[in-house]
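What TrEMBL records for 299-319 is compositional bias 'Basic and acidic residues'. Positions annotated as domain 'Palmitoyltransferase DHHC' by TrEMBL: 137-260. As annotated by TrEMBL, region 'Disordered' applies to 297-335. The transmembrane segment annotation in TrEMBL covers 30-49, 61-83, 182-204, 224-250.
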Amino acid sequence: MAKRQYEVWKGKNIFMFGGRLIFGPDARSLIITLLLIIVPVIIFCTNVARNLIDEISGNIAGYAILMVTVVFTTYVLLLLLLTSARDPGIVPRNLHPLTEEICYDSSASIDVGRQTPTPRVHPTKVVVVNGVPVRVKYCSTCLLYRPPRCSHCSICDNCVERFDHHCPWVGQCIGMRNYKSFFLFISSSTVLCIFIFAMSALNIKFLMDDYGTFWKAMKESPLSVVLMVYCFIFLWFVGGLTCFHLYLIGTNQTTYETFRYGGVERPRIYDRGCLKNFEEVLCSKIKPSSNNFHAYVQENERGDSDGNRREKVEDDREIGGNLLKISQRPEADDA
């Protein structure tokens, strides 16, 4: 019986709805992220926003605050789904090792006293990007030379284009296809924190006008103070992350490149200027996925690539051994 691609996928991803949604292996962390967003919003809507409806004259502004909170929270959750359930830019694996790139290592031997050529793939090769030579690595797991800015995620066990990092809070790699939604998610979460903090502070102000002191207002609505403290702490995390990624976008760098190279001076071959860098990330269309996880795969496409690779290596060793015997035959005849 024919199987779909997600059923024979060799990565560690979790698929839902017939391969239409793809998550990382740590997708359960999404539950924590959802609770960190939804629970404070529910507390705000059922306590603080309801009190603001009574306090603000005309009630229209109070209901507007409630509606803005619900709509904006829905938008943040949608961005979270687009980030965590989308193919981040996974490079399809090769089913067979690269034959045209194989070189031979005569230093390896399989029998005592006899050396045979052993096929191996060059660990790196040089490609030209924007007129600058860039060295790319061969991935022995995916059996391919990684494209520039591509890296193999050890958590998901996939090569991801324009790999930024693996985010445990969204349970997914952040790469070329979901970086925009990730940035919009953290920046929108920052705005939501600021909004709830400001509205909770406004509620405390109205209560101070009614009861005279801050302590009496806090006793009247302790949840407002709890939300203010929560948003202040959470703002340091998502706000700082937003500022960091604003810097990365402006300089056209990734988190992986920044921490990998550290303070080493290197040419920024992808930097096109601040404005064009932002345009590239936020205004460009998302590249179609290179994988169709819902599609059926042929029987010959489901073989174990590692087994095929070992079989190919053994064949090359046998050929090399035969060639060596042929080359040694005249010496035996002379003896």
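Note that Cβ sites are derived from N, Cα and C of the backbone, with glycine treated the same way.
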Reported in the order helix, strand, coil, what are the DSSP residue counts of the domain 'Palmitoyltransferase DHHC' (137-260)? 76 helix, 17 strand, 31 coil
Quickly jot the same-chain residues contacting the transmembrane segment (224-250) by Cβ under 8 Å, restricted to those at least six beyond its ends, or write none. 36, 40, 43-44, 47-48, 164, 183, 186-187, 189-190, 193-194, 196-197, 200-201, 203-204, 207, 218, 258, 274, 277-278, 281-282
